[in-house]
Amino acid sequence: MHEFSIVQALIESCENHAQSQQASAISRVKIRIGALSGVEPSLLATAFDTFKLEGMCREAVLEMEIEPLMLSCNECGFEGEANGLSVLCPHCHSPFTRVTGGEEMLLLQLELEGNT
C-alpha cells in the first residue's frame, strides 16, 4: 500500500512548513487527488489517521478534493471532463486524446495554529 509512504512524505512536508512558520500545530490539511493519480482516497485517509498520531498533525483534519480526469481530443477539439476513467473522447469517442488533468496529488492548503 503506497498510500503509507505518500502520507509519511505529506506529513513530513506539512510539518517542515509549519516549523518554518513557527506554528505550534497543524489543524487542517487540504489536498487534491486526481482520479488517475493512483491514490485511493479511503486508504490515504486511513494512513493519515494512523501516521498523524504523533507530531504537529495529531489534531489535523484531512480534507480531500477529488479532481476528475480531464481530456483534450485531437479529433474533435473537445476539452473537458472524461467519462469516468475512460480516455476515449466523451463527445466523438476517439481514442486520440491527451490527458490534461486528474493525474496528480497536490497539497492545496494548511491551517496552522500559532505558538502559545
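Cβ atoms are placed via backbone N, Cα and C, with glycine included.
Taken from TrEMBL as is:
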- HIS2: Ni(2+) binding site (BINDING)
- CYS73, CYS76, CYS89, CYS92: Zn(2+) binding site (BINDING)
Using C-alpha atoms only, work out the spacing between CYS89 (Zn(2+) binding site) and the residue listed as 'Ni(2+) binding site' and round it to an integer in Å.
30
Surrounding CB atoms that lie within 10 Å of the CB of HIS2 (Ni(2+) binding site), all protein chains:
12
Shell of the Zn(2+) site beyond CYS73, CYS76, CYS89, CYS92, same chain only (C-beta within 8 angstroms of their C-beta centre):
ASN74, GLU75, GLY77, PHE78, PRO90, HIS91, HIS93, SER94, PHE96, THR97
What is the interatomic distance between the Cα atoms of CYS73 (Zn(2+) binding site) and the residue listed as 'Ni(2+) binding site', given in whole Å?
32
I'd like the Cβ neighbour count for CYS73 (Zn(2+) binding site), meaning other Cβ atoms within 10 Å of its Cβ, all protein chains included.
20
From the Cα of HIS2 (Ni(2+) binding site) across to the Cα of CYS76 (Zn(2+) binding site), what is the distance in angstrom?
37
Pairwise Cα distance for CYS92 (Zn(2+) binding site)/the residue listed as 'Ni(2+) binding site' [Å, integer]:
36
Among all protein chains shown, how many Cβ atoms are found within 10 Å of the Cβ of CYS89 (Zn(2+) binding site), not counting that one?
22
